[in-house]
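Asks: Here it is, the structure, as structure tokens.
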């Protein structure tokens, strides 16, 4: 049973819960793709949506450290299984192979002790990789190299492909957050923590005086790291929090430079630059954008001029509210029978396996407003190789923003 079938199966058993191609122009988002334009969670298995009262240290990595403090395993940087050779942190053989169709299929097996809700949470975290990148996690058949995802003593992973069956520990309870699962899977793909980049001193200052000697190796810099020619990402799912490993309450161990007020770390999951790095490392061509905003707008590339042929783009909207309302202001897609050519499709969640809110829609009639049941909504735009039209323009708001507008009125 592959990932798609497992998701359908678990969705049937249980109620649903809850790049880089750079986009042409964007505001109020950090975006990824050539065919779109942009302006501008909560079950126990989704990283909770942030609130205005969240602590700046309430980030994914600090949750990992809290769980791992009782682990008996020796871990580098808090959650990485040491390799036999230090030079392996820049090895070309640590990456998973790409198939002829451009997809990177990574076999996995799941711990049989996981319950159905644990499985659902892990599969939903995996599904975002498949939606936003060319990484597909597939159930193992007979492959030699594969991931063993099990509930061991904490949240941890190997760095990259090590050969044979390799463990990704996702402990029941403490590690069952989408952001944590994605953090550990990103290690398995071959990514280190963001602060260990060779160019990190241009972007952050390490406050060594607040780091105990035993923890200083966790802040080492890899001089030969592969930065992929992409910017440093303060909001990466792989970034430490500002006070990670501090030995003095209230004193930061990592300070952004030159602007120390920049927030580092987050609790939602993959960032746009995380997605961009995956796609560049694995030579993927994906048109995908993550929008972390309470309101904004999006439109097809070239709008109001005609969009391009053979487009396949997605936008993942993540808000602080429970619900998202999508309103199409203009809509003009080539009409075909059953909308099998060009279409827009909207999902109630973060992947193409999520429930459908608006099925394939084409033509020139403006669709009715679409409202999600959670803080996540995915919009998919697909075109074939035939004639095109002017495309679409849409705006979105969160329930929180709507309440504010209603209060003012």
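Here the Cβ of each residue, glycine as well, is placed from N, Cα and C on the backbone.
Remember, it's a predicted structure, so these values are computed and weren't measured experimentally.
According to Swiss-Prot, the record shows the following:
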- 184: active site (ACT_SITE)
- 183, 187, 193: Zn(2+) binding site (BINDING)
- 30-42: compositional bias 'Low complexity' (COMPBIAS)
- 91-94: disulfide bond (DISULFID)
- 134-284: disulfide bond (DISULFID)
- 155-175: disulfide bond (DISULFID)
- 287-313: disulfide bond (DISULFID)
- 339-362: disulfide bond (DISULFID)
- 87-285: domain 'Peptidase M12A' (DOMAIN)
- 287-399: domain 'CUB' (DOMAIN)
- 30-55: region 'Disordered' (REGION)
- 1-19: signal peptide (SIGNAL)
Asks: For a quick check of packing: other C-beta atoms within 10 Å of the C-beta of residue 155 (disulfide bond), how many?
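Replies: Other Cβ atoms within 10 Å of residue 155 (disulfide bond): 29.
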Asks: Nearest to residue 155 (disulfide bond) in three-dimensional space, by Cα, is which of the recorded positions 183, 184, 193?
Replies: 184
Asks: Roughly where does the domain 'Peptidase M12A' (87-285) sit in mean pLDDT, to the nearest integer?
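Replies: Taking every residue of the domain 'Peptidase M12A' (87-285) together, the mean pLDDT is 94.
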Asks: Tell me the Cα distance separating residue 187 (Zn(2+) binding site) from residue 175 (disulfide bond), rounded to the nearest angstrom.
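Replies: Counting only the Cα atoms, the answer is 15 Å.
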Asks: What is the Cβ neighbour count of residue 193 (Zn(2+) binding site) at a 10 Å cut-off, with all protein chains included?
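Replies: Total other Cβ atoms inside 10 Å, all chains included: 24.
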Asks: I want the residues beyond 183, 187, 193 whose C-beta is within 8 angstroms of the mean position of the Zn(2+) site's C-beta atoms, in chain order.
Replies: 61, 77, 79, 80, 157, 184, 186, 191, 192, 237, 238
Asks: Around the C-beta of residue 339 (disulfide bond), how many further C-beta atoms are within 10 angstroms, looking at every protein chain?
Replies: 18
Asks: Could you check what DSSP calls residue 287 (disulfide bond) once collapsed to helix, strand or coil?
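Replies: Looking at the DSSP assignment, residue 287 (disulfide bond) belongs to a strand.
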Asks: By CA distance, which of the disulfide-bonded residues (94, 134, 284, 287, 362) lies nearest to residue 193 (Zn(2+) binding site)?
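Replies: Closest by Cα distance to residue 193 (Zn(2+) binding site) among the disulfide-bonded residues 94, 134, 284, 287, 362: 94.
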Asks: To the nearest whole angstrom, what is the C-alpha distance linking residue 184 (active site) and residue 94 (disulfide bond)?
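Replies: Between the Cα atoms of residue 184 (active site) and residue 94 (disulfide bond), the distance comes to 15 Å.
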